[in-house]
Each structure stands twice: as structure tokens, then as C-alpha cells.
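**Student:** The active site, proton acceptor feature in TrEMBL is assigned to Asp177. For Lys74, Lys78, Glu131, the entry in TrEMBL reads ATP binding site. Annotation comment: TrEMBL describes 45-303 as domain 'Protein kinase'. Residues or ranges marked as region 'Disordered' by TrEMBL: 13-35.
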Amino acid sequence: MKKPFCCQNKVEPFVPPPELDDPELSPVPEPSDCVPTNESISTRYIVQNIIGEGGYGKVYEGIRVSDGKKVAIKRIKKTVRDHYLQTTVHPKPLITEVALMLTMKQGPISPYVIQLYEWFEHPQVFTLVMENPDPCESLLDFINNNPNMNETTARLIMCQAVQAVLHCIEHGVFHNDIHPDNILLRKHTLELKLIDFGCGHLLSSNGYNRSQYRGIQAYYPPELFTCGRFYATSTNVWALGVLLYEMVNTCSPFCNITEITQAEIRFENPDLSKECRDLIVQCLNRDPTERLTLDQILQHDWCKTEDLEESED
């Protein structure tokens, strides 16, 4: 599996790009509570090392000058392929990631979703200043480093992930790209943060066409191929089922599109509890209308049990 963009071990020296040192790069005010300012990002933040890089651009460590708070500064290069969304929280269409993160700032704030502090627009880039849960690692790294993850740990992570997704849905946001690279864990507490909303959509009761799915193949739901249409909640539940399977089996449940469409589950871990197996099976139901809802996952016996291993001794 590919290396996550957020927590690379290799730290590159920071060379300020022109956009991050441009005095005209001013924060875009939010209509409700921000006042326009002529300050540039370089006067508000100390921009430090690169901590992530991908097709979207780069992520830097940063320090907020006013109070010394650690932040993550993400630069998104503008392209002709960018998607813009019109929302009720801003008077003009905004690039997807900014639009969705602003939508989720309309309270209450979730401890399980990464927070956007402010954003800047420049002719060539958007710059997002976000929460930085340092020290952290991606769930992908955590799975690779803990190949024998017990159910107690998996339960802690799974329940937080479900609550993060539920928060998005309740705010009219469909993440559309849930997988271990897009989940951060604080190293000492395993507190979870869902990140990277660049592939998301506004919630639609009418569902989405196949061309609107922007996640990775390992997390494709079968209905993407069987009927060419998918819905936010059932797609999220499928992704969460794959996520849980990977945590407790240290491998993916399906290797190709044929296996996804058949949705036949084979468990590699012989020691899984029957409750854990049942939850995975119900999340990975081939029929999206028969999958559990997000609330039903949280009410499932496996999620409500504090320590199945101890109760069975």
C-alpha cells in the first residue's frame, strides 16, 4: 500500500514558495465571523517543513504567530479539473475541500473531524490552515505497524470513525474517500481525525452517478458496478466495513472488481469474535439497502462491548 501523505518520516527543508510569501495572499473572510484583513500568511504564520506531498500540492508544518499554536498549512494548486461547490455558508462557489470544511464549521464541532482555521486564495493556489494533531500517524501506518491489532483497539478506532462520518452526514457532507490514509491517529491516545475532503460532495438524497465516485478502488462499493449509482450513507458504511476488516485482518477483503461485486467475505483471522465478524458482514452486504445504518453500527453488540476478550474469559 502507498505511503500516507501526512506523516512521512523524511522531513524536507522548507523553501518558501512564492505563493506563501506573497503580501497579496490574504485570508478570505467567512461571512459570519471574520473581518477582512490585509495581512499576508507570512505575517500570521511561521511556515516550516514539508510534512506531506501529493498531486494536490504540499502540506507544511506551521506555527500561528499570535499564540504559538501548531497548525498544518495545505497548498492546493488550482487546475482546470477543480470542482467548485455552492453552499449556504459563503456567497460564491468554493473549491470542494474549502466548501465542505466551512460547512462543517457551522457547529457543533466534532472532535473526530479535522478543523479548518482559515483559508487564503491566490490566483494559482488555495491555502488552507488546519488543525495539526501532532504527534500523529495515519491509520495506514498504524495498521502496518500493528499487524496483530486486538479487537479492543480496533473498536476504539472504528467507533470514532463512525462518529466522524455521522457528523459529516448530519452537516450535509459526503466524504466519499474513506480509507486508512485519510484517518489520522494521535500516537499516545489513538484519538482519531478524519481528513482530506477534496473528493467529497454535498449530501444528495438522489444519490450519485458512477462518474462521481472519487475514492480508491479497494473501497469501491459493489453497486458502483451493478447499477452505476450509489448513495452516501450506504457507501460510507461499506467503506467502514472494509476499514474494520483491514484493521483486524491486516489485509483487504477484496482484491479486484470481481470479488467486490460478489462480496464474498473470507476472514483471515481465525480468532475474531462472532460479534466482530457479524458487524463486518452486515456492513459489507452486497445489497446497499440491507447494510446497517451508521447509528445501527454504533448500537451493534461489538461496538457497545467495552472488552469482548475479557468477557469471554
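Even glycines carry a Cβ here, placed using N, Cα and C.
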**Student:** Please give me the CB contact count at 10 A for Glu131 (ATP binding site), counting all chains in the structure.
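**Tutor:** Around Glu131 (ATP binding site), other Cβ atoms within 10 Å: 17.
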**Student:** Expressed to the nearest Å, what is the distance separating Glu131 (ATP binding site) and the residue listed as 'active site, proton acceptor' at their Cα atoms?
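**Tutor:** With the alpha carbons as reference points, the distance is 20 Å.
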**Student:** Are there residues of the same chain, six or more positions away from Lys78 (ATP binding site), whose CB falls under 8 angstroms from its CB, and which are they?
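**Tutor:** Once residues fewer than 6 apart are set aside, Lys78 (ATP binding site) is near Ile95, Pro123, Gln124, Val125, Phe126.
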**Student:** Quick one: give me the count of other CB atoms within 10 A of the CB of Asp177 (active site, proton acceptor).
**Tutor:** 20
